[in-house]
Amino acid sequence: MFQTAWRQEPVTFEDVAVYFTQNEWASLDSVQRALYREVMLENYANVASLAFPFTTPVLVSQLEQGELPWGLDPWEPMGREALRGICPGDEARTEKEGLTPKDHVSKETESFRLMVGGLPGNVSQHLDFGSSLEQPQGHWIIKTKSKRRHFTDTSARHHEAYEVKNGEKFEKLGKNISVSTQLTTNQTNPSGQISYECGQCGRYFIQMADFHRHEKCHTGEKSFECKECGKYFRYNSLLIRHQIIHTGKKPFKCKECGKGLSSDTALIQHQRIHTGEKPYECKECGKAFSSSSVFLQHQRFHTGEKLYECNECWKTFSCSSSFTVHQRMHTGEKPYECKECGKRLSSNTALTQHQRIHTGEKPFECKECGKAFNQKITLIQHQRVHTGEKPYECKVCGKTFSWCGRFILHQKLHTQKTPVQA
């Protein structure tokens, strides 16, 4: 019988995280990696929902962005802390047998174990990759080639797992379902389990829920909606992080200027204003950017790709956020309200710029003369005074301008009709 002793101190993500080295990650197949990714993001969402202030773990950022989740050696001190408590008695048994933690895990199981839950109200469960699960009478039975483990799931948490029966039927938590009539597109993988194959990339999934979540990566579907502003997100963890914006909480402080930000990602991007760091460089034109999202939007200028089209005016956009803000011009929606004066605005960016009127903040400073501005575009236009750049050229007379506004006013001189002389 597996029992969990709940701790009284606040739960952190490290309490429910498992780390892999590069070699260990390479030994996992696609199904195991997908399961690991879903479990870690779910655990992070559960921890984040407890409202304890903490920085988004590097592991979570890697998983959300589709990066390889390794780089920290789990057998270093931090990794050992994250793995400690995977199974009560494992650490003591390891010392008794004279094995290193790494040797112990490799000998104990044929593959890696994940910790699911670990929070009050859920029982920590150890899932052996490649195992099949059954749930008779409130108990989980984990089948492996070497042993069976039993423990009680007091939270009645359900996980789907499928096992072939007589070549035609499989069990879904004890329910027999015909493969031929209900799951005609499914495949049987080498381990003998029913799996779902992605038609886009060929990946297999044992759980239908995991398969449907994976499909959203190809379709771009975002099923988690913010009730405050209507914005959609692909993962619940991203929604939770976004909702902090509406609460007004800004727990992350910039040490340079003291500005508070709602997320650690926003803090990192903000700090690049002070450092001037621009790690994302365009290979087409050499232009560098401090934000990866802005960099991706810029690349679409070279490719001409515009994925979003407005049904009202048929204008197209290369960026989903610009498309969303544009649609509010037609609907009149202004979901962002200034707490100082009550003015409502159509985008979070417009709200941030507006709030600088009240705070007097001018975060964009010219390195040539030290003059500061409250908008980045104003700084860019100002810098042309020093560089002499005039990117706006009149096709009628060839005159050039450094400011877009002056260029537009000049064009009107050519479009105005000349009065007819008597």
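Every residue gets a Cβ built from N, Cα and C, even glycine.
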**Request:** Give the range, chosen from 9-31, 55-77, 308-330, that Swiss-Prot lists as zinc finger.
**Result:** 308-330
**Asked** Is it the case that the zinc finger (364-386) and the zinc finger (280-302) have 3 or more CB pairs under 8 Å, with pairs at least 6 apart in sequence?
**Response** no
**Message:** Which sequence-distant residues neighbour the zinc finger (280-302)? Criterion: at least 6 residues beyond either end, Cβ under 8 Å.
**Reply:** 269, 272-273, 318-319, 322
**Arithmetic mean of per-residue pLDDT over the zinc finger (252-274)** = 86
**Prompt:** What are the DSSP helix, strand and coil residue counts for the zinc finger (280-302)?
**Reply:** 11 helix, 4 strand, 8 coil
